[in-house]
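This report concerns only the one structure given below.
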Amino acid sequence: MAAKDVKFGNDARVKMLRGVNVLADAVKVTLGPKGRNVVLDKSFGAPTITKDGVSVAREIELEDKFENMGAQMVKEVASKANDAAGDGTTTATVLAQAIITEGLKAVAAGMNPMDLKRGIDKAVTAAVEELKALSVPCSDSKAIAQVGTISANSDETVGKLIAEAMDKVGKEGVITVEDGTGLQDELDVVEGMQFDRGYLSPYFINKPETGAVELESPFILLADKKISNIREMLPVLEAVAKAGKPLLIIAEDVEGEALATLVVNTMRGIVKVAAVKAPGFGDRRKAMLQDIATLTGGTVISEEIGMELEKATLEDLGQAKRVVINKDTTTIIDGVGEEAAIQGRVAQIRQQIEEATSDYDREKLQERVAKLAGGVAVIKVGAATEVEMKEKKARVEDALHATRAAVEEGVVAGGGVALIRVASKLADLRGQNEDQNVGIKVALRAMEAPLRQIVLNCGEEPSVVANTVKGGDGNYGYNAATEEYGNMIDMGILDPTKVTRSALQYAASVAGLMITTECMVTDLPKNDAADLGAAGGMGGMGGMGGMM
């Protein structure tokens, strides 16, 4: 086992604070509408330019292991805030630094660290309740656009695009961000259900100019099995041909003789058919087939429930107004499934989301809800260079997370004003002893830090602005973009309540752990460990000499 380096008490805390400050100072320059850029060197390719707090935090690794421990713990604050609300990483880092700095001063002055932590926790719990009381619902497009604009560093086009996307696909809809091809940002909306499976044979194409298969009012056969024998399908094909409608086959696979016969029938014009593989794998494929069945009013033909393909009738087939299939995707538009059945299926999947333990499962389930409930919107980010594209894409993703958080828990006045109001309301909060009171004061003082940092990044004097804002009430605050005072909500400076709440809670959680740290242990650097080993060996040799 490698030799360890151990530090205690004040020595440990000083080192830890140094690491916290390095990381926080690098991150906090990005805060606010006039936040600065940070350039990150990459081992290959061009450097990345970003104003995203968590991207900066992730890059920081310090040489001194004790300092690095402090930095990594604050990095955890940024990551947790990002995971919970998708934004507010810089605010969380600024709050953590402020609480840790003031808290460690109090510990150095002889306060009891455990009581300080209890005081901080008490203040934060009360602050969260006050934030909820200040919160106003965010339901209209204008408010959604304003939240998106603020989170995307005052880029109005991004805010408007996100609001438009939410209008088109609903609050539950899936909105994805992709690289665009031009200089302008674009919004693409895919109505209906789309999944990532294309046609099984290019001979199904009936729109050569677009390279797509388009079926108007088709029947849809859903089979949870491989189809290789055409005889299984003859009864269904004959019934569909008599009805004079096209047929879409969605199965685990269609191969060999079955696929060849379908192609020949299509080319001869006997019956218009297209076949695609079912989306997903394993249990997820079964679930997605069931989703499509619910959407189209059909039944999944599955041998597991004793249904055979030869006995399928037109009643077992789903229907839709239109289906478009290209090389990679299939889109089913306006399925004829009953609204009540679709809503029941959506409620069932939402229940599974509540119970899901992994982020991946949760994300996949949310995609399924969106496909059933509304559709998918794609924001295509335009930029002149790849470096700008990466930076802008990160901002759009942040803005998207922020708007979702705003819809979920509402909004409060932005620009750090909500925390200032909360702190002033809690001025009379008291703990069980004097040390806890100091902890409460530490937390309340730290709540001014985001506003002060926003002002500092503008090049103004933080204390002057903070005192002016404290002198006002309600939503009165400082608009750093225009450098004027006024009602933050009227000026469209909004923060999602969830983002502010998460930032405060995670900052206080990690700060409390660091304030109560009394000992730090790390591996000795390799050179020091080698020197120790060499010294031990020399002593042994001296003993040998004595024996001679």
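Placed from the backbone N, Cα and C atoms, the Cβ positions cover glycine too.
Keep in mind the model is a prediction, meaning the values are calculated, not measured.
Note on Lys51, Lys168, Lys311, Lys498: Swiss-Prot annotates N6-succinyllysine at Lys51; no matching annotation appears for the rest, which is not proof of its absence. Within the list Lys34, Lys171, Lys286, Lys526, the entry that Swiss-Prot describes as N6-succinyllysine is Lys34.
Note on Lys7, Lys160, Lys321, Lys371: Swiss-Prot annotates N6-succinyllysine at Lys321; no matching annotation appears for the rest, which is not proof of its absence. According to Swiss-Prot, of the residues Lys364, Lys390, Lys470, Lys390 is the one noted as N6-succinyllysine. Looking up Lys117, Lys327 in Swiss-Prot, the residue bearing an annotation of N6-succinyllysine is Lys117. When Lys105, Lys272, Lys277 are compared with the annotations in Swiss-Prot, the one labelled N6-succinyllysine turns out to be Lys277.
On its own chain, Gly88 (ATP binding site) has Ala81, Asn82, Ala402, Asp495, Val499, Thr500, Ser502, Ala503 as residues at least 6 apart in sequence with a Cβ closer than 8 Å to its own Cβ. In the three-state DSSP classification, Lys390 (N6-succinyllysine) falls within a helix. Comparing the Cα of Thr30 (ATP binding site) with the Cα of every entry in Lys117, Lys321, Lys390, these being the modified residues, the smallest distance points to Lys390. Cα separation, Ala480 (ATP binding site) to Lys34 (N6-succinyllysine), rounded: 7 Å. Over all protein chains present, the Cβ of Lys390 (N6-succinyllysine) has 18 other Cβ atoms lying within 10 Å. When the binding-site residues Thr30, Thr90 are compared by the number of other CB atoms within 10 angstroms of each CB, Thr30 has the fewest. Taking Lys51, Thr90, Lys117 as the recorded positions under consideration, the smallest Cα distance to Lys321 (N6-succinyllysine) is found for Lys51. Gly415 (ATP binding site) is 26 Å away from Lys390 (N6-succinyllysine) when you measure Cα to Cα.
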